[in-house]
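J.: Have a look at the structure that comes next, please.
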Amino acid sequence: MSYYGNNGVGGGMGGDMYNNPYIMNQNDNNNNWYPNPAQQQQQQQQHYQQYLDNYDEQEYDKTEEEIDEEMQRELAEDAPWKKIQQNTFTRWANEHLKLVNRRIEDLQIDLGDGLNVIALIEVLSHKKIPRYNKKPMFRSQKLENVSVALDFLENIEHIKLVNIDSTHLVDGKLKLILGLIWTLILHYSISMPMWEGEEQDPSKRGKNLTPKQKLLDWINSRMPPDLPINNFTTDWNDGRAIGALVDSCAPGLYPDWQDNDPNNKLRNAKEAMDLAEQFLGIPQLIKPEEMVNPKIDDLSMMTYLSQYPNAKIAKDAPLKPTVNVSRVKCHGKGIEPSGNVVDAPAKFFIETQSAGKGTPEVIVINPKGQIEPSHIEFNNDKNQTYTVTYTPTIEGNYKVIVKYAGQEVPKSPYNVYVEGKVGDASQVRASGPGIEPTGVTVDKPTWFEIDASNAGNGPVEVAILDPSDAHKQIPVHLTPLGNGKFRAEYVAKEPGIHSVNVFFAGKPIPNSPYGVTVAPSCDAKKCRAYGRGLQPKGVRVGDVADFKVVTKDAGDGVLKCVVKSPEGYDLPVRCNKVNPTTYECGYNPVREGPHQVHITYGGAHIPKSVFNVDVGPYKESLIKAFGPGLEGGVVGYPADFVVETNGETGSLGFSIEGPSQARIDCVDNLDGSANVTYWPTAVGEYAVHILCDGEDIPGSPYMAWIEQRGNFDPTKVSAYGPGVDKETPLVINRPVEFTVDCREAGDAPLKVTVTDADYQKLDVAVKNNGNGTFTCRYTPIYPNRHTVFVTYGGVAIPKAPVRMWAVEPSNPSKVKVYGPGVEKGVKTNQPTYFTVDCRGAGSGFLNKSSKLVPLEVYRKSEQYHDEKEDKEENSCFYDIKIINEHNELIDHKLASTLDKTFFESKSNLIKKHSSLSSLSQINEIENTLSISARSSLSSSSNKITSSSSVSSLSSALSQTDFLMHNHTETRLASTNDANSSLKVNYVPRGKIITINVSIMW
């Protein structure tokens, strides 16, 4: 049997290809870290564009080669933007670490022992990381600390990491470390927080904005219309944009930004950033001189600017009373060019959050030039919003003028066309998940559509009332789809029954209002799914493709699993909730080919969904695998299992895929089986592939969950007793016991499994003796091989597994001895024989040590001899041959009690070997066969008499013709002693043994 191994590598840093500027070169054997090619190309274009944007007319004489050379310098290892980024990330980390009295001086070095990265993650996540080495001295301890931190991010915080492991931080791989810090910034500072005003546009939230888009949108919502922000680099270089943002977050804190000279960029940036640090609590993660540097990078700016959405104004902030009408924003159906109808209320909103103190004023002028009444109501919300309502009375073009603090707001006046005849609200229909009684979840965008195509003229309005306050409405984004159809999107902020009201031309449509029960918040990102049924390779037609979904810390939500066949139809999926946070799921593929497994929770895909599973054809195999390493294990300890080929030929191979490298050791037992061990180094799910000729055997891959190392040591556990003693045979239907001693190993669960040759598990009774030892008992049922596995804390103990053999019980009373050698009439100097028939005695005991069976033949001399007779003449000879039913000679050895002996051996060395496929066919038997033959010789009759008795026989003779070589024919001569005995030792080989003894005088 041959085998090969492959160490799987996983884990690492998160983000998609364009959002993460760092990736690993998979073809580099040194695991060096290189810039992401896509990001690098993007940055090259960006820096080149920056160069062109800042091109000085005095440099008109530069050639293309000189321009290209300068651009390449921007991408060098010591490029200014890279140093800015390192400084920014270091300051960001220190701002959080100062809460626990820690500080990083050198980002490349100070994360190496894992303590700073663990502290940083604990501050960011508001959770404690258990069990790590607080005083790491050795490299192994540092590696383990970093592994604990990375495992926490992936398995607890559900942050996707790619191509990073503990060695990279311990070895100070700077680019990789920067990539990890950026992943933390993206998750904790940009992606995860809910910013004020963010929910105002649910249509964008439902479109999975990138962190960059999310931050850019928020900033633009705070900037004046005449100062749009399109990037995080050049738009900030003159210092005016940061001034506008500071004054927007705290109106009146820096109103003079508009008067700043763009040529005084450093002063502009410094004034604004100093005010932000002092009165908004925003530390300078970048310095003013870095912000105005044309070589500033996106990541550094995003890191700094991500602090502004949650800035808090200090009580002593020197706010100057001022009004900036340019920051007033108006939106709503009532000021749109079309869609309003005569006699139907027209509504719009005025937002004044960043405009300073003032009073709004609205003037509505109809086509005749007459002013029509309007109503303004202050909503008293965080965006300082006013709701304006007016009802047009005639068809035609209206003009709506909006003023704030006596000044017209941007885009005022608004031209609005009002249509004539009002449509019929009873012809409007609404449908979609957003108006269903259940299925909506807090903080999850939902939607429904409104079809007014057959209703005629009239505006569509939606009002969703909060369950805790009937006067509080949830923002709704209404998008025209054309042909009188609309899509309404909203995000519920509280659980409970919401009233969804849909109006057409001021009247409710049929079935409105809709009662929608909103479930508590759930976060699909905190779910995880694992199992064989989600593996890319290994699942075959006819398999039970099972997997689990864990929703711990994800909140209440609805789990939905959909499996798509290669043809696109849905396969039946079983989802059983086994406890409040765990679901056991499975499906049975019936066609080979690519399948897709979609898993959603609360309507959102969980991490790594959709799972692509390539289902292989149906396959049968004699190869079997079993053992604790196929189910789980512990970091730092071996995970063991056994593979048995059962005669199947082919190249046996192994591959381990998981969150870390895992060394594989394989020991060929030379009997068609192998003991396999792999060494996991990180917590998580491992896929154990067992391959024959490069293809997974049925049942492979086996999914093993590796736990963190605990306070126990399985290497200090021992097992002893008949039940695990290889030299002690088992007897079927007879209980056997052994003891497991855990007194020195610490506290962990003990598990004992006994598997027979048909891979059926036997019942094992485990008794706790109360002193750190356990008594284990099992009863073999069938006469075959049994494998005993003892695990402690999920790890196999030393010397496990143990292989035991069980046989049928023997019955010596069934042994028959017959033949002329044990009957009356034995004559002197004539060969004789007798037969021992053990066919009805059972299988007996197996003896792996090949002990021999003694055969004793006694003779006793009578006092008839003449004392003058020669001693030599009175000596006797014994000829002994032992053969089985196949007429094959059985080897034997001699031992005599005679004082003086000599013997000659006709030693034909037999080397007869049968073709044996496994040791299980070699059955040595331990028997004791004592046959006494006493002879009396008279000088007159020359007559010998003998009697025999079987004193002890417990034998089940071997059922193989495998023969060891030894003496097969023996002649022994002895002196004429009165009471001598001859002992012949042999190994019985067969069911019927015939022993020929010739006694010659």
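A Cβ is built for glycine as well, from the same backbone N, Cα and C atoms used for every other residue.
Where the annotation comes from TrEMBL, it is an automatic prediction and has not been curated.
The structure displayed is predicted, hence computed values, not measured ones.
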J.: Region 'Disordered' per TrEMBL: which of the ranges 26-45, 126-145 is that?
T.: 26-45
J.: Let's see if you can do this one: DSSP helix, strand and coil counts over the repeat 'Filamin' (420-518), in that order.
T.: 6 helix, 53 strand, 40 coil
J.: Taking every residue in the repeat 'Filamin' (519-615), what is their average pLDDT?
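T.: So the average pLDDT across the repeat 'Filamin' (519-615) works out to 90.
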J.: Looking only at the domain 'Calponin-homology (CH)' (83-189), what are its DSSP counts of helix, strand and coil residues?
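T.: The domain 'Calponin-homology (CH)' (83-189) comes out at 67 helix, 1 strand, 39 coil.
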